[in-house]
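Taking it in order: structure first as structure tokens, then the write-up.
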Amino acid sequence: AGLEMCVLCRDVTQPIPDDWTDAGWVNPTEELELTFALKQQNTDLLEEILRLVSDPDSAQYGKHLTLEEVSSLVHPTELTQKVVHHWLQSHGITNCLTVRTRDFLQCTMTAEVAEKLLPGSKFHRYIRDDHSLVRSSAPYSVHDDVHQHLDFVAGLHRLPPKGQDLRKASSNRKQKRSKAGLHLGVTPSILRARYNLTATDVGTAKNNSQAVAQFLEQYFNPADLAEFMGMYGRSFKHLSQVDRVVGIQGAGKAGIEASLDVEYIMSTGANISTWVFTNQGRHESQEPFLQWIVLLSNMSDLPWVHTISYGDDEDSLSTAFMMRINTEFMKAGVRGISLLFASGDSGAGCKHLGKGQNTFRPSFPASSPYVTTVGGTSFKNPFKITYEITDYISGGGFSNVFKMPDYQTVAATLPPPSYFNTSGRAYPDMAALSDNYWVVINRVPVPWVSGTSASTPVVGGMLSLINDQRMLKGRPALGFLNPRLYKLKGQALFDVTEGCHLSCLDEQVQGKGFCAAPSWDPVTGCGTPNYPALLAALLAE
């Protein structure tokens, strides 16, 4: 039997991180839920369709597919479905749910059964702060004849990254706090002034909607949202409640990240129906980000714009996992859904290779070629609405895994090439203010909240407003924006040309990563949105 085993090994390239404590072996009768990603068909064709429906110069532009059409394109072969089902049934696993595209199976089983199904796996409980999860402490293997039908099995290895402390992001900005009393701070009216939105720039289309997705152990408090809109939304028509929560909202205190996302997508994309996808924590073996991905393939009626403030180091994830997640992003894109990811709050990042050598450290999904990635900026003068400069935390760089897509051309002055992959997918694609936001949390207005998780819902809200105007004219949603965004060549955007973000503290780069420059750069992308100009450009036939 030894010869037929193929070690799929880990879905991650790193052992369990140090900040998780091993609380020992799980009881053999404990229920786990594992997710099986079945191999799909026609992924090359899917990529080609995405290119055609997203390129404004193509005759297929905007001719998006339904979930049913996506399903008939990518669903696994009969053989793949049969082999995987048979394998599970032979271990007595029958409690499985599938999705409309038939390429994911989520099955519950006991830990004992899971360890027999996936030889090598050993399920332990891990604890960080007050968060407890079940994962395998060792790599697993799968029979060769089954292995060829699977991309990965989830619920074994990946642990959620630690959320950024969004107030800490501000605490090292001492230079700006000297006259804190006078400081502007970012609110909906400041954003509307900077990006030239008027009081009439609100949604009116019936079939428009937007969403934020959150995967940290956090929830938003509806009372905070109502309070926020009462304080900051009086000058424009808005909604004060979320239309739909998908998933289970935790109890306890509201989280800053959750409040920030909802308050700012709903005050920028004002008066547009909003959904919140929140932590689906039914089992400790689940991966919340993957739960959201699976849901996208099971819901035919979804919001047109999703903004997500989530990321992990590219080098901590297996290529097989990232490739499959990219396919899932393409499945959303061909349906006309725009996915916006925050670029991260660690600048270029830094990985120590030893012997005094370092490289920058890209983040995923920010580095995916199939999403629109949003970086961050600050006001040049924090006491006035001025032009924008780089926010030094703004994540950006070049993927080490995905090549630069055809839609992208990059001509910026760059650091020494030993620090990054010059031919990789470069990000972010665009940016917005990410520094010193006011957020209402537990009924109290809190200043100094910063991070690209602020800029992402702001850009998302503006894209929702543009979708709104397109729908009123009977046009399709924007869908995957990047091919069209890069064809604008910076038109309709404010170009950010000052400032650098942080990176490795070493002799060669001395903490300086990439820098802003005329036109596209790996800190602020193509620039920040000048709403009326962007609306006109994206409404043009």
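Note that Cβ sites are derived from N, Cα and C of the backbone, with glycine treated the same way.
All TrEMBL annotations are machine predictions without curation.
Residues or ranges marked as active site, charge relay system by TrEMBL: Glu257, Asp261, Ser453. Annotation comment: TrEMBL describes 170-180 as compositional bias 'Basic residues'. Feature annotation from TrEMBL assigns domain 'Peptidase S53' to 185-541. Annotation comment: TrEMBL describes 161-180 as region 'Disordered'.
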Per-region confidence, the domain 'Peptidase S53' (185-541) (mean pLDDT, whole number): 91
Those active-site residues listed as Glu257, Asp261, and which of them has the most Cβ atoms within 10 Å of its own Cβ: Asp261
Cα separation, Ser453 (active site, charge relay system) to Asp261 (active site, charge relay system) (Å, whole number): 7
Other C-beta atoms that fall within 10 angstroms of the C-beta of Ser453 (active site, charge relay system): 32
